[in-house]
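Working notes for the structure below.
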């Protein structure tokens, strides 16, 4: 089994959830660029991490060449030889082109770019219902993953909070930005003939089954 996948979709589409489930089924690693960046800036002796941390602390966007270098480093690790599921990258056409070149140099190519389509109102409903425990960081959803007691963490019994990012006005803004920024990447993969669209509202099991069909596997 080999597959080189990119997951695209708005915030709240469930990309990370689907990628983790597919990793469990296939053994192909879920590579979250958000996780990579959080890890790299914590490393005191990593020059690349120091550069990125300085840029982020200034509130600036990390340039493509540094993002590409971080991703290249991770994809060059042994566990990615049979494939990967990229979540959070590429965000620009330049990054998509870099990924193509990186794979081409290894005589590989992207299997598919999977676009999880979720309407704005569903994203708003999902994300505004998200709550987090301020003590342990556990994430809940008042609709799909509620705590046992009303708005209290199951573990800490502390009142759950809503992140600023998950307030309706912010969620709608993030969705708009996603459409503007990601459309060129969607168009890029569409022109290459490897864009696969999946309805992100049909439930986790059905979504996973659709992705397994796309890569030519069946969930047995």
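Easy rule for this one: first residue shown is 1, then count along the chain.
Including glycine, each Cβ sits where the backbone N, Cα and C put it.
Just so it is clear, the model here is predicted, and its values are computed rather than measured.
As written in Swiss-Prot, here are the features:
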- 12, 13, 14, 15, 16, 17, 130, 139, 140, 202: ATP binding site (BINDING)
- 33, 38, 60, 61, 62, 88, 89, 90, 91, 95, 163, 174: AMP binding site (BINDING)
- 133, 136, 153, 156: Zn(2+) binding site (BINDING)
- 32-62: region 'NMP' (REGION)
- 129-166: region 'LID' (REGION)
Which sequence positions outside the region 'LID' (129-166), separated from its termini by at least 6 residues, show Cβ-Cβ distances below 8 Å to it? 174
Of the binding-site residues 33, 153, 163, the one whose Cα sits nearest to the Cα of residue 140 (ATP binding site) is 153
What does DSSP assign residue 12 (ATP binding site), in three states? coil
Look up residue 133 (Zn(2+) binding site) in the DSSP assignment and reduce it to helix, strand or coil. coil
Looking at Cβ-Cβ distances, which residues of the chain lie under 8 angstroms from residue 163 (AMP binding site) while being 6 or more apart from it? 130, 132
Residue among binding-site residues 12, 133, 136, 153, 156 with Cα closest to the Cα of residue 60 (AMP binding site): 12
Whole-Å Cα distance, residue 89 (AMP binding site) to residue 153 (Zn(2+) binding site), is 32
Across all the protein chains here, work out how many other Cβ atoms are within 10 Å of the Cβ of residue 130 (ATP binding site). 20
Express in Å, rounded to the nearest integer, the largest CA to CA distance found among the AMP-binding residues 33, 38, 60, 61, 62, 88, 89, 90, 91, 95, 163, 174 named in the record. 29
What whole-number distance in angstrom separates the two most remote CA atoms of the ATP-binding residues 12, 13, 14, 15, 16, 17, 130, 139, 140, 202? 22
Within 8 Å of the Cβ centre of 133, 136, 153, 156, which other residues of the chain have their Cβ, at the recorded Zn(2+) site? 134, 135, 137, 138, 154, 155, 157, 158, 160
Binding-site residues listed as 12, 14, 16, least Cβ neighbours within 10 Å: 16
Taking the binding-site residues one at a time (62, 136, 153, 156), which has its Cβ surrounded by the most other Cβ atoms within 10 Å? 153
To which of the binding-site residues 89, 140 does the lowest count of other Cβ atoms within 10 Å belong? 140
